[in-house]
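Feature annotations, reproduced from TrEMBL:
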SIGNAL    1-21  signal peptide
TRANSMEM  82-104  transmembrane segment
TRANSMEM  116-134  transmembrane segment
TRANSMEM  175-195  transmembrane segment
TRANSMEM  216-233  transmembrane segment
TRANSMEM  239-258  transmembrane segment
TRANSMEM  279-298  transmembrane segment
TRANSMEM  304-322  transmembrane segment
Amino acid sequence: MARLTAFVVLLMLLKIHVIQGYYYDRVPTITKCPGYYCGRHQIPDENGTNIWSSCGSCPRGSRVNSTWACSDCTSSPTAYDWMYLCFMVVVGLLAQWYSIDIVAASPQLSWKTFGTHLSAFIETCLSACIALLLHEPLGSLELRSCAVEQLSDWYTILHNPNPNYEEVLHCAQEAVYPLYSIVFVHYGLSVFMLFALRPWVNKALQNRGHSASQPIYAALYLFPILALIHGIMAGLIYYAFPSIIILLSLMSHAFHFASRQDQSWKALLYETVSRVHNLVVVIGHWVLHGFGLVALTLWLEPQLLAAVLTLVPLPTFLYIALSRFTDPGKFHSD
Ligand SMILES: *[C@@H]1O[C@H](CO)[C@@H](O)[C@H](O)[C@H]1NC(C)=O
Ligand SMILES: *[C@@H]1O[C@H](CO)[C@@H](O)[C@H](O)[C@H]1NC(C)=O
(Lines of atoms letter the chains of each structure in order from A and count residues from 1; the text may use other names and numbers.)
(Lines give C-alpha, C1' and ligand atoms only; values in the text may rest on other atoms or scores of the structure.)
(Ligands and ions follow the chains in the order given, each with its own letter.)
Protein backbone atom coordinates (compact mmCIF):
# COMPACT_ATOMS: atom_id res chain seq x y z
CA MET A 1 0.00 0.00 0.00
CA ALA A 2 2.75 2.41 1.02
CA ARG A 3 4.62 1.49 -2.09
CA LEU A 4 1.56 2.29 -4.24
CA THR A 5 1.12 5.68 -2.55
CA ALA A 6 4.75 6.52 -3.06
CA PHE A 7 4.41 5.57 -6.72
CA VAL A 8 1.31 7.78 -7.20
CA VAL A 9 3.02 10.73 -5.48
CA LEU A 10 6.07 10.26 -7.66
CA LEU A 11 3.87 10.18 -10.77
CA MET A 12 2.08 13.39 -9.71
CA LEU A 13 5.37 15.19 -9.05
CA LEU A 14 6.63 14.05 -12.43
CA LYS A 15 3.45 15.21 -14.13
CA ILE A 16 3.52 18.63 -12.43
CA HIS A 17 7.14 19.03 -13.40
CA VAL A 18 6.45 18.10 -17.01
CA ILE A 19 3.42 20.38 -17.32
CA GLN A 20 5.14 23.26 -15.54
CA GLY A 21 8.08 22.95 -17.85
CA TYR A 22 5.59 23.03 -20.67
CA TYR A 23 4.15 26.42 -19.57
CA TYR A 24 7.11 28.05 -17.83
CA ASP A 25 9.86 27.26 -20.33
CA ARG A 26 10.89 28.89 -23.55
CA VAL A 27 10.13 26.71 -26.54
CA PRO A 28 11.48 26.57 -30.11
CA THR A 29 8.03 25.88 -31.64
CA ILE A 30 4.87 27.30 -30.20
CA THR A 31 2.88 25.17 -27.76
CA LYS A 32 -0.30 25.60 -25.76
CA CYS A 33 -0.76 28.07 -22.90
CA PRO A 34 -3.44 27.83 -20.19
CA GLY A 35 -6.16 30.44 -19.60
CA TYR A 36 -7.77 32.99 -21.90
CA TYR A 37 -5.05 35.65 -21.96
CA CYS A 38 -1.72 33.82 -21.61
CA GLY A 39 0.44 33.78 -24.70
CA ARG A 40 3.98 33.46 -26.00
CA HIS A 41 5.87 36.14 -27.88
CA GLN A 42 9.00 35.77 -29.97
CA ILE A 43 12.34 36.53 -28.32
CA PRO A 44 15.90 35.97 -29.57
CA ASP A 45 17.97 33.31 -27.77
CA GLU A 46 21.74 33.50 -27.11
CA ASN A 47 22.52 32.53 -30.70
CA GLY A 48 20.19 35.18 -32.13
CA THR A 49 17.58 32.82 -33.51
CA ASN A 50 13.95 33.48 -32.62
CA ILE A 51 12.29 31.26 -30.03
CA TRP A 52 9.00 31.60 -28.13
CA SER A 53 8.92 32.98 -24.59
CA SER A 54 7.32 31.23 -21.63
CA CYS A 55 3.56 31.64 -21.16
CA GLY A 56 2.64 35.02 -19.74
CA SER A 57 0.94 38.31 -20.49
CA CYS A 58 1.43 39.62 -24.01
CA PRO A 59 3.43 42.84 -24.52
CA ARG A 60 1.39 46.06 -24.54
CA GLY A 61 -0.37 46.56 -27.84
CA SER A 62 -0.68 42.85 -28.61
CA ARG A 63 -3.10 40.14 -27.69
CA VAL A 64 -3.04 36.36 -27.67
CA ASN A 65 -4.65 34.73 -30.72
CA SER A 66 -6.15 31.29 -31.14
CA THR A 67 -2.73 29.65 -31.53
CA TRP A 68 -1.33 31.15 -28.27
CA ALA A 69 0.89 33.65 -30.07
CA CYS A 70 0.85 37.32 -29.11
CA SER A 71 -0.19 39.14 -32.26
CA ASP A 72 -0.20 42.94 -32.62
CA CYS A 73 -3.44 44.89 -32.34
CA THR A 74 -3.94 46.06 -35.90
CA SER A 75 -7.70 46.28 -36.38
CA SER A 76 -9.55 49.60 -36.39
CA PRO A 77 -12.11 50.40 -33.72
CA THR A 78 -15.69 49.66 -34.82
CA ALA A 79 -18.35 52.38 -35.01
CA TYR A 80 -19.59 51.15 -31.63
CA ASP A 81 -16.07 51.46 -30.13
CA TRP A 82 -15.85 55.06 -31.38
CA MET A 83 -19.26 55.82 -29.90
CA TYR A 84 -18.10 54.36 -26.59
CA LEU A 85 -15.02 56.61 -26.60
CA CYS A 86 -17.22 59.61 -27.53
CA PHE A 87 -19.51 58.74 -24.64
CA MET A 88 -16.62 58.78 -22.16
CA VAL A 89 -15.45 62.14 -23.56
CA VAL A 90 -18.98 63.61 -23.49
CA VAL A 91 -19.49 62.48 -19.88
CA GLY A 92 -16.42 64.48 -18.86
CA LEU A 93 -17.65 67.53 -20.79
CA LEU A 94 -21.21 67.37 -19.45
CA ALA A 95 -19.93 67.02 -15.88
CA GLN A 96 -17.87 70.19 -16.39
CA TRP A 97 -20.77 72.07 -18.01
CA TYR A 98 -23.03 71.07 -15.16
CA SER A 99 -20.58 72.33 -12.54
CA ILE A 100 -20.21 75.62 -14.46
CA ASP A 101 -24.02 76.01 -14.57
CA ILE A 102 -24.34 75.39 -10.83
CA VAL A 103 -21.96 78.16 -9.80
CA ALA A 104 -23.13 80.60 -12.50
CA ALA A 105 -24.50 83.74 -10.86
CA SER A 106 -27.70 84.01 -12.92
CA PRO A 107 -29.87 81.15 -14.14
CA GLN A 108 -30.01 82.76 -17.59
CA LEU A 109 -27.21 82.09 -20.03
CA SER A 110 -24.80 85.02 -19.82
CA TRP A 111 -21.84 85.68 -22.09
CA LYS A 112 -19.44 84.82 -19.26
CA THR A 113 -21.08 81.45 -18.62
CA PHE A 114 -21.21 80.81 -22.34
CA GLY A 115 -17.51 81.66 -22.66
CA THR A 116 -16.64 79.23 -19.85
CA HIS A 117 -18.76 76.52 -21.49
CA LEU A 118 -17.01 77.15 -24.78
CA SER A 119 -13.62 76.97 -23.05
CA ALA A 120 -14.50 73.60 -21.49
CA PHE A 121 -15.62 72.36 -24.92
CA ILE A 122 -12.37 73.46 -26.58
CA GLU A 123 -10.24 71.96 -23.79
CA THR A 124 -12.11 68.65 -24.16
CA CYS A 125 -11.69 68.60 -27.95
CA LEU A 126 -7.97 69.40 -27.67
CA SER A 127 -7.27 66.70 -25.09
CA ALA A 128 -9.27 64.11 -27.06
CA CYS A 129 -7.28 64.95 -30.21
CA ILE A 130 -3.93 64.85 -28.38
CA ALA A 131 -4.86 61.50 -26.81
CA LEU A 132 -5.54 60.14 -30.33
CA LEU A 133 -2.30 61.63 -31.70
CA LEU A 134 -0.30 59.96 -28.92
CA HIS A 135 -1.60 56.48 -29.76
CA GLU A 136 -0.74 54.16 -32.64
CA PRO A 137 -0.50 55.17 -35.44
CA LEU A 138 1.46 58.03 -33.87
CA GLY A 139 0.59 61.53 -35.00
CA SER A 140 -2.69 60.60 -36.66
CA LEU A 141 -6.30 60.86 -35.53
CA GLU A 142 -6.85 57.21 -36.42
CA LEU A 143 -6.53 54.43 -33.91
CA ARG A 144 -5.27 50.87 -34.05
CA SER A 145 -6.83 48.56 -31.54
CA CYS A 146 -7.67 45.04 -30.57
CA ALA A 147 -11.30 44.01 -30.98
CA VAL A 148 -13.49 43.66 -27.91
CA GLU A 149 -14.81 40.10 -27.89
CA GLN A 150 -16.41 39.65 -24.49
CA LEU A 151 -16.90 41.30 -21.12
CA SER A 152 -13.92 39.51 -19.56
CA ASP A 153 -11.59 41.31 -22.01
CA TRP A 154 -11.95 44.34 -19.73
CA TYR A 155 -11.17 42.35 -16.59
CA THR A 156 -8.21 40.16 -17.53
CA ILE A 157 -6.85 40.50 -13.98
CA LEU A 158 -9.69 38.23 -12.82
CA HIS A 159 -8.64 35.53 -15.26
CA ASN A 160 -5.10 34.61 -14.23
CA PRO A 161 -5.02 30.81 -14.48
CA ASN A 162 -3.33 28.59 -11.92
CA PRO A 163 -2.56 25.35 -13.72
CA ASN A 164 -2.34 22.37 -11.35
CA TYR A 165 -3.44 24.65 -8.50
CA GLU A 166 0.20 25.44 -7.80
CA GLU A 167 1.31 28.83 -8.88
CA VAL A 168 -0.73 31.57 -10.57
CA LEU A 169 0.37 32.54 -14.06
CA HIS A 170 0.16 36.33 -14.33
CA CYS A 171 -1.39 37.03 -17.68
CA ALA A 172 -3.33 40.23 -16.91
CA GLN A 173 -2.97 42.77 -19.69
CA GLU A 174 -5.01 45.33 -21.62
CA ALA A 175 -6.74 42.94 -24.02
CA VAL A 176 -8.80 45.78 -25.51
CA TYR A 177 -5.77 48.00 -26.16
CA PRO A 178 -6.07 50.99 -26.24
CA LEU A 179 -9.78 51.45 -25.46
CA TYR A 180 -9.20 51.15 -21.72
CA SER A 181 -6.05 53.22 -21.22
CA ILE A 182 -6.86 55.99 -23.70
CA VAL A 183 -9.75 57.17 -21.49
CA PHE A 184 -7.34 57.69 -18.58
CA VAL A 185 -4.98 59.56 -20.91
CA HIS A 186 -7.85 61.77 -22.06
CA TYR A 187 -8.98 62.61 -18.52
CA GLY A 188 -5.40 63.39 -17.48
CA LEU A 189 -4.94 65.67 -20.49
CA SER A 190 -8.27 67.35 -19.72
CA VAL A 191 -7.00 68.38 -16.28
CA PHE A 192 -3.77 69.60 -17.87
CA MET A 193 -5.70 71.63 -20.48
CA LEU A 194 -7.89 73.06 -17.75
CA PHE A 195 -4.84 74.48 -16.00
CA ALA A 196 -3.28 75.63 -19.26
CA LEU A 197 -6.28 77.41 -20.81
CA ARG A 198 -8.94 78.25 -18.23
CA PRO A 199 -7.01 80.98 -16.33
CA TRP A 200 -6.48 82.86 -19.61
CA VAL A 201 -10.16 82.52 -20.53
CA ASN A 202 -11.21 83.79 -17.11
CA LYS A 203 -8.85 86.72 -17.50
CA ALA A 204 -10.20 87.55 -20.96
CA LEU A 205 -13.82 87.32 -19.78
CA GLN A 206 -13.00 89.26 -16.58
CA ASN A 207 -14.42 86.32 -14.68
CA ARG A 208 -13.43 86.61 -11.00
CA GLY A 209 -14.28 85.08 -7.65
CA HIS A 210 -16.42 81.98 -7.21
CA SER A 211 -17.62 81.66 -10.80
CA ALA A 212 -13.98 81.52 -11.96
CA SER A 213 -12.44 79.24 -9.34
CA GLN A 214 -15.28 76.85 -8.43
CA PRO A 215 -15.50 75.09 -11.83
CA ILE A 216 -11.74 74.47 -11.68
CA TYR A 217 -11.96 72.98 -8.18
CA ALA A 218 -15.02 70.95 -9.24
CA ALA A 219 -13.09 69.52 -12.21
CA LEU A 220 -10.25 68.51 -9.89
CA TYR A 221 -12.74 66.29 -8.07
CA LEU A 222 -14.74 65.23 -11.13
CA PHE A 223 -11.95 63.79 -13.24
CA PRO A 224 -10.45 61.51 -10.56
CA ILE A 225 -13.95 60.26 -9.73
CA LEU A 226 -14.70 59.62 -13.42
CA ALA A 227 -11.34 57.86 -13.80
CA LEU A 228 -12.08 55.66 -10.79
CA ILE A 229 -15.54 54.75 -12.13
CA HIS A 230 -13.99 54.00 -15.52
CA GLY A 231 -11.25 51.90 -13.92
CA ILE A 232 -13.74 49.66 -12.16
CA MET A 233 -16.77 49.67 -14.44
CA ALA A 234 -15.31 50.10 -17.95
CA GLY A 235 -16.52 46.71 -19.21
CA LEU A 236 -20.05 47.19 -17.94
CA ILE A 237 -20.20 50.76 -19.25
CA TYR A 238 -18.98 49.56 -22.66
CA TYR A 239 -21.99 47.28 -23.03
CA ALA A 240 -24.56 49.43 -21.24
CA PHE A 241 -23.77 53.00 -22.33
CA PRO A 242 -26.55 53.31 -24.98
CA SER A 243 -29.16 52.41 -22.36
CA ILE A 244 -27.46 54.61 -19.74
CA ILE A 245 -27.45 57.63 -22.04
CA ILE A 246 -31.09 57.17 -23.10
CA LEU A 247 -32.27 56.67 -19.51
CA LEU A 248 -30.31 59.59 -18.04
CA SER A 249 -31.20 62.00 -20.83
CA LEU A 250 -34.92 61.08 -20.57
CA MET A 251 -34.78 61.70 -16.81
CA SER A 252 -32.95 65.00 -17.09
CA HIS A 253 -35.27 66.04 -19.96
CA ALA A 254 -38.35 65.42 -17.80
CA PHE A 255 -36.66 67.22 -14.90
CA HIS A 256 -35.98 70.24 -17.09
CA PHE A 257 -39.63 70.52 -18.13
CA ALA A 258 -41.01 69.76 -14.68
CA SER A 259 -38.99 72.61 -13.15
CA ARG A 260 -40.78 75.21 -15.33
CA GLN A 261 -43.23 77.48 -13.54
CA ASP A 262 -46.18 77.33 -15.92
CA GLN A 263 -47.10 73.76 -16.90
CA SER A 264 -49.76 74.57 -19.52
CA TRP A 265 -48.82 73.26 -22.95
CA LYS A 266 -48.84 76.74 -24.51
CA ALA A 267 -46.40 78.11 -21.94
CA LEU A 268 -44.17 75.02 -22.20
CA LEU A 269 -44.01 75.37 -25.96
CA TYR A 270 -43.60 79.15 -25.90
CA GLU A 271 -40.83 79.17 -23.28
CA THR A 272 -38.98 76.41 -25.14
CA VAL A 273 -38.89 78.38 -28.37
CA SER A 274 -38.49 81.92 -27.01
CA ARG A 275 -35.61 81.40 -24.51
CA VAL A 276 -32.23 80.52 -25.93
CA HIS A 277 -31.19 78.67 -22.78
CA ASN A 278 -34.24 76.38 -22.90
CA LEU A 279 -33.85 75.82 -26.61
CA VAL A 280 -30.21 74.82 -26.20
CA VAL A 281 -31.07 72.44 -23.34
CA VAL A 282 -33.88 70.76 -25.32
CA ILE A 283 -31.83 70.41 -28.50
CA GLY A 284 -28.91 69.10 -26.42
CA HIS A 285 -31.21 66.42 -25.06
CA TRP A 286 -32.34 65.53 -28.57
CA VAL A 287 -28.71 65.06 -29.60
CA LEU A 288 -28.17 62.75 -26.60
CA HIS A 289 -31.36 60.76 -27.36
CA GLY A 290 -30.24 60.37 -30.98
CA PHE A 291 -26.73 59.28 -29.96
CA GLY A 292 -28.13 56.68 -27.56
CA LEU A 293 -30.66 55.38 -30.09
CA VAL A 294 -28.04 55.04 -32.83
CA ALA A 295 -25.63 53.23 -30.48
CA LEU A 296 -28.41 50.91 -29.36
CA THR A 297 -29.61 50.06 -32.87
CA LEU A 298 -26.32 50.15 -34.76
CA TRP A 299 -26.89 46.63 -36.06
CA LEU A 300 -30.02 47.74 -37.99
CA GLU A 301 -30.09 48.64 -41.67
CA PRO A 302 -29.27 52.32 -42.39
CA GLN A 303 -32.84 53.00 -43.61
CA LEU A 304 -34.29 51.64 -40.36
CA LEU A 305 -31.74 53.70 -38.42
CA ALA A 306 -33.11 56.85 -40.08
CA ALA A 307 -36.62 55.79 -39.09
CA VAL A 308 -35.49 55.27 -35.50
CA LEU A 309 -34.05 58.80 -35.45
CA THR A 310 -37.52 60.28 -36.04
CA LEU A 311 -38.30 59.13 -32.47
CA VAL A 312 -35.79 61.64 -31.07
CA PRO A 313 -38.16 64.61 -30.41
CA LEU A 314 -40.96 62.29 -29.26
CA PRO A 315 -40.37 62.68 -25.47
CA THR A 316 -40.60 66.49 -25.77
CA PHE A 317 -43.90 66.39 -27.65
CA LEU A 318 -45.28 63.73 -25.33
CA TYR A 319 -44.39 65.82 -22.28
CA ILE A 320 -45.96 68.96 -23.72
CA ALA A 321 -49.07 67.13 -24.97
CA LEU A 322 -49.63 65.15 -21.78
CA SER A 323 -48.63 67.80 -19.25
CA ARG A 324 -52.25 68.81 -18.57
CA PHE A 325 -53.09 65.24 -17.57
CA THR A 326 -50.18 64.95 -15.16
CA ASP A 327 -50.73 68.22 -13.29
CA PRO A 328 -51.37 67.17 -9.67
CA GLY A 329 -53.71 70.17 -9.20
CA LYS A 330 -56.08 68.63 -11.76
CA PHE A 331 -56.63 65.48 -9.70
CA HIS A 332 -58.01 67.51 -6.81
CA SER A 333 -60.32 69.72 -8.83
CA ASP A 334 -61.80 66.86 -10.90
C1 LIG B 1 23.94 28.02 -29.72
O2 LIG B 1 24.90 27.54 -30.62
C3 LIG B 1 25.84 26.60 -30.06
C4 LIG B 1 26.87 26.29 -31.13
O5 LIG B 1 26.30 26.25 -32.39
C6 LIG B 1 25.05 25.37 -29.63
O7 LIG B 1 25.93 24.44 -29.02
C8 LIG B 1 24.00 25.77 -28.59
O9 LIG B 1 23.21 24.68 -28.23
C10 LIG B 1 23.13 26.87 -29.17
N11 LIG B 1 22.23 27.34 -28.14
C12 LIG B 1 20.90 27.35 -28.29
C13 LIG B 1 20.14 27.88 -27.13
O14 LIG B 1 20.36 26.97 -29.29
C1 LIG C 1 -1.21 34.13 -34.38
O2 LIG C 1 -0.14 35.05 -34.39
C3 LIG C 1 1.06 34.54 -34.95
C4 LIG C 1 2.16 35.59 -34.77
O5 LIG C 1 1.75 36.86 -35.13
C6 LIG C 1 0.82 34.20 -36.42
O7 LIG C 1 2.01 33.66 -36.99
C8 LIG C 1 -0.31 33.18 -36.50
O9 LIG C 1 -0.61 32.90 -37.85
C10 LIG C 1 -1.55 33.69 -35.79
N11 LIG C 1 -2.56 32.65 -35.76
C12 LIG C 1 -3.82 32.86 -36.13
C13 LIG C 1 -4.75 31.71 -36.05
O14 LIG C 1 -4.19 33.96 -36.53
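Positions of Cβ are set from backbone N, Cα and C atoms, glycine also.
Because TrEMBL annotations are produced automatically, they should be read as predictions rather than curated entries.
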Count the Cβ pairs between the transmembrane segment (216-233) and the transmembrane segment (82-104) that lie under 8 angstroms and are 6 or more residues apart in sequence, then report whether there are at least 3.
-> yes
Which of 82-104, 175-195, 304-322 contacts the transmembrane segment (239-258) most, counting Cβ pairs under 8 Å = 304-322
